[in-house]
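The annotation active site, proton acceptor is assigned in TrEMBL to ASP130. Feature annotation from TrEMBL assigns ATP binding site to GLY14, ARG75, SER76, GLY105, ASP106, GLY107, SER108. If you look up TrEMBL, you'll see ARG24, ALA25, VAL26, VAL27, ARG28, ARG157, GLY188, VAL189, ASP190, ARG214, LYS216, THR217, HIS218 marked as ADP binding site. Taken from TrEMBL, the feature Mg(2+) binding site covers ASP106. The substrate binding site annotation in TrEMBL covers THR128, ILE129, ASP130, ARG165, MET172, GLY173, ARG174, GLU225, LYS246, HIS252, ILE253, GLN254, ARG255. The domain 'Phosphofructokinase' annotation in TrEMBL covers 6-278.
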Amino acid sequence: MIRLKKIAVLTSGGDSQGMNSAIRAVVRTGLANGYEMLGVKRGFKGLMDNDFIPLGSKEVSDILYRGGTFLQSARSEKFKTKEGQKKAIANLAERGIDYLVVIGGDGSYKGAEVLHQQGIKTYGLPGTIDNDIPLTDYTIGFDTTLNVVTNAISNLRDTMSSHERVSVIEAMGRSCGDIALQAGISSGVDAILVPEVEADIEGIAAKLRAGFDRGKTHSIVIVAEGAGKADEVAKKIKELTNLDTKPTVLGHIQRGGTPTAFDRIFTSRMGHKVIDLIKQDISGVALGMEKNEITYHTFEEIFAAKNTIDSQLYQIFHDLI
Ligand SMILES: Nc1ncnc2c1ncn2[C@@H]1O[C@H](COP(=O)(O)OP(=O)(O)O)[C@@H](O)[C@H]1O
Ligand SMILES: O=P(O)(O)OC[C@H]1O[C@](O)(COP(=O)(O)O)[C@@H](O)[C@@H]1O
């Protein structure tokens, strides 16, 4: 009897909207190409705990439009140890898994790369809302998060305007300001603080004060979490302007919600492409989108590349305020 080749898929690190759609695309395309498909629960933790489930077409129905990940996600310190990795590799061997697809952020890519170095054929799909992975224009969930943040800012603007206040909104992004920058542009905010650029808080405060003196009824400042805390920035602005300033931390609300059409199509394309790479026996690579093409690079290339703020967008923002 011919043994079908086996592909396992897992989600790791912070979840992001579109992970379910990505799992569905990998599974359905894999099945259509004659592979046996399995899911691993709770990321690398499940690999070490031998927590696998068979995935047929039915198991991935009704998940396309759901946020989160039905395979669950986790962060695991134990997997960073040689002992943890040995356990994971032994479980993969025992089950005869030929290929492993890891959907997660840059930390998860490190995990995928250490397995690849130890002989496992691994693939990365960029699952993080932060958009902080080099060599891809987008990560899974980033577009959905932008829409969530844009809607949240719109709600805040209404009440800030009625009360003539300044709103300081903290968005996610520990080392990358893309959520703050792009949601800031889409919302027409007055100032953006990102971790990649040193903030001129006195200059921002002076502009906000001048705006109110001209008759503005509200102002919005968006700060990426890696650039400062909303309450501290709000306190400073209040001190410098004497304007009523309120902090809001958007928190995990940003990671939820049904994925946008963009995230669903993006993940469907990557799921399709990863099976294509498996068929060609190309491994140790992560996928992404560059100039609307689905592309791939080795993990090493991705780790060597630097993720920088989009200077053109940053300039566009400053020319629009
Ligand atoms: N250097 C590493 N070696 C092995 N595994 C790693 C390494 N860095 C991260 N991981 C694994 O990937 C998981 C997810 O990474 P983390 O940085 O928390 O999230 P993300 O993948 O979203 O960036 C970690 O909990 C750990 O199990
Ligand atoms: O949900 P947690 O574990 O508190 O992590 C919060 C972090 O997760 C993120 O949403 C995504 O980060 P990762 O890509 O590292 O998972 C960050 O923006 C945020 O700082």
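Just so you know, glycine gets a Cβ as well, placed from its N, Cα and C.
Where the annotation comes from TrEMBL, it is an automatic prediction and has not been curated.
Overlay of TrEMBL feature records on the structure.
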residue : record                 : DSSP (3 states)
GLY14   : ATP binding site       : coil
VAL26   : ADP binding site       : helix
GLY107  : ATP binding site       : helix
MET172  : substrate binding site : coil
GLY188  : ADP binding site       : coil
HIS218  : ADP binding site       : coil
LYS246  : substrate binding site : strand
ILE253  : substrate binding site : helix
In Å, how large is the greatest distance between any two Cα atoms among ARG24, ALA25, VAL26, VAL27, ARG28, ARG157, GLY188, VAL189, ASP190, ARG214, LYS216, THR217, HIS218, the listed binders of ADP?
58
Of THR128, ASP130, MET172, GLY188, LYS246, ILE253, listed as recorded positions, which ones have a Cβ less than 6 Å away from ligand 2?
THR128, ASP130, MET172
Expressed in Å to no decimal places, the gap between the Cα atoms of HIS218 (ADP binding site) and LYS246 (substrate binding site) is 11
One of the binding-site residues GLY14, ARG75, GLY105, ARG174 has its Cα closest to the Cα of ASP190 (ADP binding site), namely ARG174
Which binding-site residues are spatial neighbours of ARG174 (substrate binding site) here, meaning Cα within 10 Å, out of VAL26, ARG28, ARG75, GLY105?
none
Binding-site residues considered: ARG24, ARG75; fewest surrounding Cβ atoms within 10 Å belongs to ARG75
For the substrate binding residues given in the record (THR128, ILE129, ASP130, ARG165, MET172, GLY173, ARG174, GLU225, LYS246, HIS252, ILE253, GLN254, ARG255), what is the largest pairwise C-alpha separation in angstrom?
33
Can you tell me the CA-to-CA distance separating ARG75 (ATP binding site) and THR128 (substrate binding site), as a whole number of Å?
13
Any idea which of the binding-site residues SER76, SER108, THR128 has the thinnest Cβ neighbourhood at 10 Å?
SER76
Within the same chain, and leaving aside GLY14, ARG75, SER76, GLY105, ASP106, GLY107, SER108, name every residue whose CB is within 8 angstroms of the centroid of the CB atoms belonging to the recorded ATP site, in sequence order.
SER12, GLY13, GLY43, GLY104, GLY111, THR128
CA-CA, which of the recorded positions ASP106, ASP130, MET172, LYS246, ARG255 lies nearest LYS216 (ADP binding site)?
LYS246
Whole-number Å value for how far GLY188 (ADP binding site) lies from LYS246 (substrate binding site) (Cα to Cα)
18
Sequence gap of 6 or more, Cβ distance under 8 Å: name the residues on the same chain that satisfy this around ASP106 (ATP binding site), in order along the sequence.
THR128, ASP132, ILE133, ILE302
Number of Cβ atoms other than its own within 10 Å, given for GLY107 (ATP binding site):
17
Among the binding-site residues GLY14, ARG28, SER76, SER108, THR128, MET172, which have a Cβ atom lying under 6 Å from any atom of ligand 1?
GLY14, SER76, SER108, THR128
